[in-house]
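**Q** Here's a structure for you.
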Amino acid sequence: MSVTMESCNCVEPPWPADELLMKYQYISDFFIALAYFSIPLELIYFVKKSAVFPYRWVLVQFGAFIVLCGATHLINLWTFGMHSRTVAVVMTTAKVLTAVVSCATALMLVHIIPDLLSVKTREIFLKNKAAELDREMGLIRTQEETGRHVRMLTHEIRSTLDRHTILKTTLVELGRTLALEECALWMPTRTGLELQLSYTLRHQNPVEFTVPIQLPVINQVISTNRAVKISPNCPVARLRPLAGKYMPGEVVAVRVPLLHLSNFHINDWPELSTKRYALMVLMLPSDSARQWHGHELELVEVVADQVAVALSHAAILEESMRARDLLMEQNVALDRARREAETAIRARNDFLAVMNHEMRTPMHAIIALSSLLQETELTPEQRLMVETILKSGNLLATLINDVLDLSRLEDGSFQLEIRTFNLHALFRELLNLIKPIASVKKLSVLLSLAPDLPEYAVGDEKRLMQIILNVVGNAVKFTKEGSISITAFIEKSESLRDPRAPEFFPVPSDSHFYLRVHVKDSGSGITPQDIPKLFTKFAQSQSLATRNSGGSGLGLAICKRFVNLMEGHIWIESEGLGKGCTAIFIVKLGIPERVNESKLPFVPKVPTIHGRTNFPGLKVLVMDDNGVNRTVTKELLVHLGCDVTTVSSGDECLQVVSQEHKVVFMDISVPGNTDRVTKENCLRLGMDGVILKPVSVDKMRSVLSELLDQQVVFGAQ
Amino acid sequence: MDAIVQLQRQFVDYTTSLYRDGFLDDQFTQLQKLQDESNPDFVVEVVNLFFEDSEKLLNNLATALQQQIVDYKQVDAHVHQFKGSSSSIGAQRVKNACVAFRNYCEERDPEGCVRCLQQLKREHYLMKSKLETLFRLEQQILAAGGSVPMMT
């Protein structure tokens with residue numbers, strides 16, 4: 001506030017009475033002005049220094065405001081005394097300006113101050129956040145360090161498979177990592193009722209400490225898989241005698257599961273109830289006021305688990321080493337046994353070979369000389385005696401052969417001689433062999449071969465003959481009167497099975513078929529109890545043995561073995577004593593590929609082919625309504641040397657046929673009938689034979705031979 | 001000389017393939033055995049006879065099957081004839097087709113029969129062309145001065 005004094009011409013009074021007040025106001029205004037001018041300067045100086053101040057415009061405004069205020073106060077100085085109008089004008093201008101700027105600044109501050117306050121809030125927030133992150137960093141670092149320790153420990157523990165090393169290393173490393181005073185491992189004893197101090201880090205215990213396993217503190221530790229703090233005074237922790245001023249450090253115990261091989265099942269991890277546990281006890285240094293921290297406990301738990309795994313690996317390794325040693329021992333023993341067995345077999349074979357020769361030579365002598373003796377003049381008693389000698393000799397020879405065969409069959413050194421042979425010829429020979437014997441006993445023998453039975457088969461002809469002979473021989477032997485019927489056919493899936501051997505299931509293939517032979521006799525029959533014994537060697541039922549039946553009882557046993565070698569089956573069915581019996585056997589034979597005359601062995605035993613390779617001039621009549629067939633059949637017969645006339649119908653046939661024609665071939669096509677039915681009808685009507693087309697040269701040849709030799713086509717093929 | 005060997009080898013290969021693919025079977029071999037100096041063209045003659053016969057039979061079959069009411073007995077008789085001839089010369093596939101045909105005849109299945117007839121015709125013409133090729137090869141060998149190898 002200024003006082004404006006009117007200017008007058010009077011003498012200027014000196015300072016008025018309130019001059020002091022004025023003086024002070026004057027000085028104050030001066031200082032105010034000074035301050036007001038210096039503040040902006042300071043502001044400018046500091047703002048220039050700092051780079052981050054965002055509100056420069058505000059500063060300018062503020063500066064202007066202050067400057068103007070200062071100016072106002074400065075100008076005020078001049079208004080204390082007399083002042084001209086110019087000063088008044090300047091003063092007014094300054095005030096107006098100041099007013100404007102200050103109002104503007106006031107308005108500006110309304111906007112600025114909340115912003116400035118929020119900056120402060122954010123600063124506080126960020127500080128808090130930073131503190132929190134710091135804390136977390138600390139945690140992570142601790143964890144990472146723990147992890148590093150665990151890995152290192154694990155590495156050390158797992159680097160060996162030796163049990164002792166594992167445990168010792170564990171204790172050492174743990175002790176080092178956690179700076180423990182003592183670390184001990186208690187293992188369960190064999191009985192499982194006590195824990196025994198097995199390993200310690202520092203304390204060498206000469207005496208074996210044991211603690212019963214049923215202590216509550218131990219149960220507490222075992223019942224959880226966490227590390228448990230226990231009292232330093234409990235028996236497992238008291239490893240040294242307490243001495244005076246000890247303030248024992250905190251003790252922690254953790255269980256170590258001892259896993260056995262038997263614990264590892266496929267789907268369940270080992271059960272808790274059956275487990276054995278060891279106990280690991282860790283003690284912090286006494287008088288150190290250290291405490292167990294969470295991450296340290298975690299470390300201990302992890303280590304305990306790793307130790308368990310490492311121990312189980314060691315156990316597995318021990319086990320497998322033991323198993324391997326055992327196997328090696330067994331191997332050696334087996335090898336020895338095998339060599340011994342081989343030696344025994346060799347010795348036996350040598351013996352048999354020698355004996356074979358040694359036994360057979362005298363046998364031959366006996367048999368040969370007895371036969372010779374039979375040819376000479378003998379009295380009836382002498383003849384009887386010689387016959388008995390001969391019979392006994394033969395029996396003995398058969399027995400020797402059988403025994404040798406059987407022993408070879410038993411030890412598996414027997415091999416079938418497989419080759420292609422004539423199946424039909426085999427049966428014919430059998431008949432030739434059996435018929436004379438059977439007719440002596442006034443038994444009729446009937447052989448019937450199925451039409452689809454192949455002419456040639458691949459197998460062991462000699463042994464097959466042996467089988468059939470044996471079976472048929474038995475039939476003849478045990479039949480006093482009646483007939484023997486032999487049927488042979490190809491096994492079909494609907495054929496009857498042996499009720500006692502349901503698992504035998506022959507499956508034919510492209511290269512094999514199963515031959516099935518039934519030998520039925522009307523003889524004495526067999527009781528059901530005796531049937532299983534039939535194939536047992538050396539067993540002969542009393543009811544079967546008559547004075548006249550000889551035999552060692554080996555025959556059927558050998559048959560069975562041959563049949564088995566031929567992948568077949570043999571069995572006997574009988575309805576009881578006096579009701580006859582049927583022997584049935586099935587053997588597997590191969591089907592020869594492309595029956596090739598040049599490859600096949602010349603079959604010497606079939607008498608029909610002997611000497612008959614050609615039929616020169618044989619007058620034959622062929623009737624066939626099919627031109628092609630007629631031509632082919634005619635050429636076949638011409639090739640064999642026949643004189644062939646052909647006709648194409650039954651009527652023509654009747655016209656042409658005469659006494660000169662030795663053979664008439666008639667084509668019979670009866671659609672709808674099977675070949676078998678046709679054949680049966682033909683035979684019934686009196687035809688001498690039926691053959692099925694297409695006919696090969698050989699077939700035609702053999703048919704003609706049979707016709708001419710025996711007036712009948714055998715086997716009806 | 002080489003040409004003859006070449007032809008002979010071709011002949012052998014071709015014949016082997018015919019056997020392998022089932023066109024011919026053992027009976028054909030039998031026929032070939034019957035052929036000798038006294039009857040040098042036996043096989044060709046028989047085969048031609050067969051094809052003449054079978055043409056007639058096929059026509060008869062076609063006619064029989066086209067009837068309103070099919071006489072299956074007649075059809076069966078024809079097929080039986082066909083089967084007989086084809087098995088006589090060893091035409092295996094033709095024979096098998098006949099066997100199948102007879103089954104359908106027994107079942108009196110008209111569509112089946114027609115199908116079989118088609119099949120039979122196919123097999124027949126196939127056989128014909130194959131055998132013609134075979135005989136042509138034989139002629140070539142003979143013309144070149146060589147001898148036809150015997151198939152064992």
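Using the three backbone atoms N, Cα and C, a Cβ is placed for every residue, glycine included.
Caution: TrEMBL annotation is automatic and unverified by curators.
Below, the features straight out of TrEMBL:
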BINDING   A:C69, A:H73  Cu cation binding site
BINDING   A:N474, A:A475, A:V476, A:K477, A:D521, A:K537, A:S552, A:L556  ADP binding site
CROSSLNK  A:K693  ubiquitin cross-link
DOMAIN    A:354-593  domain 'Histidine kinase'
DOMAIN    A:619-717  domain 'Response regulatory'
MOD_RES   A:D667  4-aspartylphosphate
TRANSMEM  A:24-45  transmembrane segment
TRANSMEM  A:57-76  transmembrane segment
TRANSMEM  A:96-117  transmembrane segment
**Q** Among the recorded positions A:N474, A:A475, A:K693, whose Cα is within 10 A of the Cα of A:D667 (4-aspartylphosphate)?
**A** A:K693
**Q** Per DSSP, A:K477 (ADP binding site) is which: helix, strand or coil?
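**A** Reduced to three states, the DSSP call for A:K477 (ADP binding site) is helix.
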**Q** What is the pLDDT of the domain 'Response regulatory' (A:619-717) when averaged and given as a whole number?
**A** 75
**Q** Using Cβ atoms and a cut-off of under 8 Å, determine which of the recorded positions A:C69, A:A475, A:L556, A:K693 neighbour chain B, and list them by sequence position, or give 'none'.
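**A** Filtering A:C69, A:A475, A:L556, A:K693 for a Cβ under 8 Å from chain B leaves A:K693.
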**Q** Give the sequence-ordered list of residues that share a chain with A:H73 (Cu cation binding site), lie 6 or more positions from it, and have CB atoms under 8 Å from its CB.
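**A** In sequence order, the residues whose Cβ lies under 8 Å from that of A:H73 (Cu cation binding site) (at least 6 apart) are A:D29, A:F30, A:I32, A:A33, A:Y36.
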**Q** Indicate the candidate from A:D521, A:D667 with the smallest number of other Cβ atoms within 10 Å of its Cβ, considering only these recorded positions.
**A** A:D667
**Q** In the three-state scheme derived from DSSP, which category covers A:D521 (ADP binding site)?
**A** strand
**Q** Calculate the distance in Å between the alpha carbons (Cα) of A:K477 (ADP binding site) and A:K693 (ubiquitin cross-link), and round it to a whole number.
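**A** The Cα atom of A:K477 (ADP binding site) is 41 Å away from the Cα atom of A:K693 (ubiquitin cross-link).
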**Q** What is the Cβ neighbour count of A:K477 (ADP binding site) at a 10 Å cut-off, with all protein chains included?
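**A** So the number of other Cβ atoms within 10 Å of A:K477 (ADP binding site) is 20.
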**Q** What parts of the chain pack near the transmembrane segment (A:24-45), using Cβ distances under 8 Å and only residues at least 6 beyond its ends?
**A** 59, 62-63, 66-67, 69-71, 73-74, 76-77, 80
